[in-house]
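**Student:** According to TrEMBL:
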DOMAIN    41-273  domain 'Tryptophan synthase beta chain-like PALP'
MOD_RES   Lys79  N6-(pyridoxal phosphate)lysine
ACT_SITE  Ser106  active site, nucleophile
Amino acid sequence: MERKESGNDSDAFGFKFLTKTSYAPPSWASHLAPIPSHVFSLGHFPTPIHKWNLPNLPHNTEVWLKRDDLSGMQLSGNKVRKLEFLMADAVAQGADCIITIGGIQSNHCRAAAVAAKYLNLDCYLILRTSKVLVDQDPGLIGNLLVERLVGAHIELISKEEYSKIGSVTLTNILKEKLLKEGRRPYVIPVGGSNSIGTWGYIEAIKEIEQQLQTGTGGVKFDDIVVACGSGGTIAGLSLGSWLGTLKAKVHAFSVCDDPDYFYDYTQGLLDGLNAGVDSRDIVNIQNVSVYMTFKNILMNILMNGKQPTPPTTTQ
């Protein structure tokens, strides 16, 4: 194929995918440290934002969706943004394999396995399951099928042992084993949620700002609603919204652990970036029941804070 390149034509033709480029943070985040030197293009960004026409919403309230589920089916939603920075850091450190950990059907582990395959890195997964199943073949169900298709090495650990030993120690034990074998492993924590991964959702706020600038209708978001399973997404969203022009309040609903745990964990991520802000000042974290509907969540926000002017955004 012969063609002439001009401007951003290469992006339009998809040639940016899997490329490693120098990273420049948003101007409002330039004082944070450390700033990643590079980022890999692994996802399909920007993801669209559209209005969700829910019936019977409170007066003067709108709900909009940021469709990060469209960031790439193989790499799975919000996991991709973190991995763009984490995988670039792994390559920069000369890693030849990655280690990460999660539940038996962890979307993060699946995404990490696919990203590693794209970049010719081996992937080692520690997956948490029941004591009854830990010595059995996990099969090819759900995310396990994708992980095995891309050649990931899988170790199973019981939920009891996981709770007793902890994810950090488990990944470090495997790291030491691989180092003794002459490998160069790079450890990615649960959910990709560390200070490096947090940059994925700092960058997402910049993306939302740009979409609002180029959109029509003078849309302004008052609140961002998101689930919380490991902490990195809410750390990036809340810090980016607080530092940038968006100024939307982030509401996180924890699907595991309790709010105090996530406030403390998020604080550690913020401190790791020298953000100089208290997590409790920039994000509201609440427990969520599996039986709680989105409308229940929305009403909870409206009743426990100021009545928002339209629109409200969710992820």
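Backbone N, Cα and C define each Cβ position, glycine as well.
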**Student:** I'm checking region-level scores; what's the whole-number mean pLDDT for the domain 'Tryptophan synthase beta chain-like PALP' (41-273)?
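**Tutor:** Its mean pLDDT is 94.
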**Student:** Cβ neighbours within 10 Å, counted over all protein chains: which one of the recorded positions Lys79, Ser106 has the most?
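**Tutor:** It comes out as Lys79.
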**Student:** Between Lys79 (N6-(pyridoxal phosphate)lysine) and Ser106 (active site, nucleophile), what is the CA-CA distance rounded to a whole number of Å?
**Tutor:** 10
